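Chemist: The structure's right below; bear with me while I get my questions together.
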Amino acid sequence: SEGSKHSPFINIAFPFFSFTTHLSLYTSKKIHIVHKFLRVFSFKIPSHIYPFSLLAMAYRGFLLVNLVIFSSLSISFAFDPSPLQDFCVADPQSAVLVNGFACKNPKQVQANDFLFSGLHLPGNTSNPVGSGVTPVTVAQIPGLNTLGISLARIDFAPRGINPPHTHPRGSEILTVIEGSLEVGFVTSNPENRLITKVLQKGDVFVFPIGLIHFQRNIGDGSAVAIAALSSQNPGVITIANAVFGSTPEISSDLLVKAFQVDKSVVNYLQSKF
């Protein structure tokens with residue numbers, strides 16, 4: 001076209017946009033894509049845009065280098081977030097180390113590998129925080145392996161709390177089954193905004209992945225909630241336990257400076273955890 005004849009940018013960019021379309025093809029076509037890319041970019045710079053030729057060559061070189069990097073990374077780190085088979089029941093006895101659990105022999109899989117019993121039973125709330133969590137993760141149901149889901153029952157004594165904590169590997173959606181709960185989470189630095197709400201029976205609330213959050217029973221009776229999480233093993237880090245109860249302990253001098261309190265306060269808190 002007339003535009004491409006006089007525009008060095010179009011001469012260079014059009015093959016690039018054509019190439020990006022091919023990147024959406026399956027991995028098995030990568031070699032074909034690379035060859036096509038190299039062939040497309042082997043054009044000559046017309047003499048009438050010679051002043052732009054150095055820029056064009058640099059741009060072409062830049063794209064080629066990035067193609068090599070892209071191909072290497074996609075081959076090394078590509079993964080499919082969905083299961084590649086019907087199921088992969090966890091085999092905790094396997095000596096194979098993978099991100100998660102190795103698969104049990106499918107021929108040995110039984111119905112009980114997908115079953116957990118007892119979620120109707122209340123958790124133990126006779127503890128300093130007045131709450132008890134019954135987890136249902138891949139540790140309890142091996143069939144959850146690779147499925148990216150789990151759940152938990154949370155029981156609250158009157159005025160009990162589920163103290164500030166975070167799930168490093170999963171978002172949480174919580175449903176109140178009985179009672180009234182004050183819930184909330186805190187956004188990341190620098191805003192550190194508290195987003196909080198009082199929930200009644202039947203209400204549902206979401207806690208985004210990784211953010212510190214909490215629940216508190218504000219009623220006079222017991223409360224129960226069910227939490228679903230977007231990981232077979234979402235993990236939990238209770239803030240107070242992690243900071244003041246680590247093994248070995250975090251230096252009290254560091255905590256004094258971090259929390260801007262007297263050392264006796266830090267020593268007291270460390271003794272509680």
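Note: Cβ is positioned from N, Cα and C throughout, glycine not excepted.
Pulled from TrEMBL, these are the listed features:
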type	residues	note
TRANSMEM	12-28	transmembrane segment
TRANSMEM	49-79	transmembrane segment
DISULFID	CYS88-CYS103	disulfide bond
DOMAIN	117-267	domain 'Cupin type-1'
BINDING	ASN162, HIS167, GLU172	oxalate binding site
BINDING	HIS165, HIS167, GLU172, HIS213	Mn(2+) binding site
Chemist: Cβ-Cβ under 8 Å from HIS213 (Mn(2+) binding site), same chain, 6 or more residues apart: which ones?
Modeler: PRO164, HIS165, THR166, GLU172, VAL183, GLY184, PHE185, VAL186, PHE207
Chemist: Looking only at the domain 'Cupin type-1' (117-267), what is the mean pLDDT?
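Modeler: Across the domain 'Cupin type-1' (117-267), the average pLDDT comes out at 97.
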Chemist: Please work out the number of neighbouring Cβ atoms within 10 Å of the Cβ of GLU172 (oxalate binding site), leaving out its own Cβ.
Modeler: 23
Chemist: What's the CA-CA gap between ASN162 (oxalate binding site) and CYS88 (disulfide bond) in angstrom, rounded?
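Modeler: On Cα coordinates alone, these residues lie 32 Å apart.
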Chemist: Could you check the disulfide-bonded residues CYS88, CYS103 and say which one's CB has the fewest neighbouring CB atoms inside 10 Å?
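Modeler: CYS103, out of the disulfide-bonded residues CYS88, CYS103, has the fewest neighbouring Cβ atoms within 10 Å.
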Chemist: Under 8 Å Cβ to Cβ from HIS167 (oxalate binding site), same chain, six or more residues apart: give me those in sequence order, or none if nothing qualifies.
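Modeler: HIS167 (oxalate binding site) has long-range Cβ partners PHE207, ILE209, GLY210, LEU229, SER231, PRO234, GLY235, VAL236, ILE237.
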Chemist: Whose Cβ lies within 8 Å of the mean position of the Cβ atoms of HIS165, HIS167, GLU172, HIS213, the Mn(2+) site, other than those residues?
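Modeler: What remains near the Cβ centre is THR166, PHE185, PHE207, LEU211, ILE212, PRO234, VAL236.
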Chemist: Give me the sequence-ordered set of same-chain residues, not including ASN162, HIS167, GLU172, with a C-beta within 8 angstroms of the centroid of the oxalate site's C-beta atoms.
Modeler: ALA152, HIS165, THR166, LEU174, PHE207, HIS213, ALA227, LEU229, PRO234, VAL236
Chemist: Including all protein chains displayed, how many Cβ atoms other than that of ASN162 (oxalate binding site) lie within 10 Å of its Cβ?
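Modeler: Other Cβ atoms within 10 Å of ASN162 (oxalate binding site): 26.
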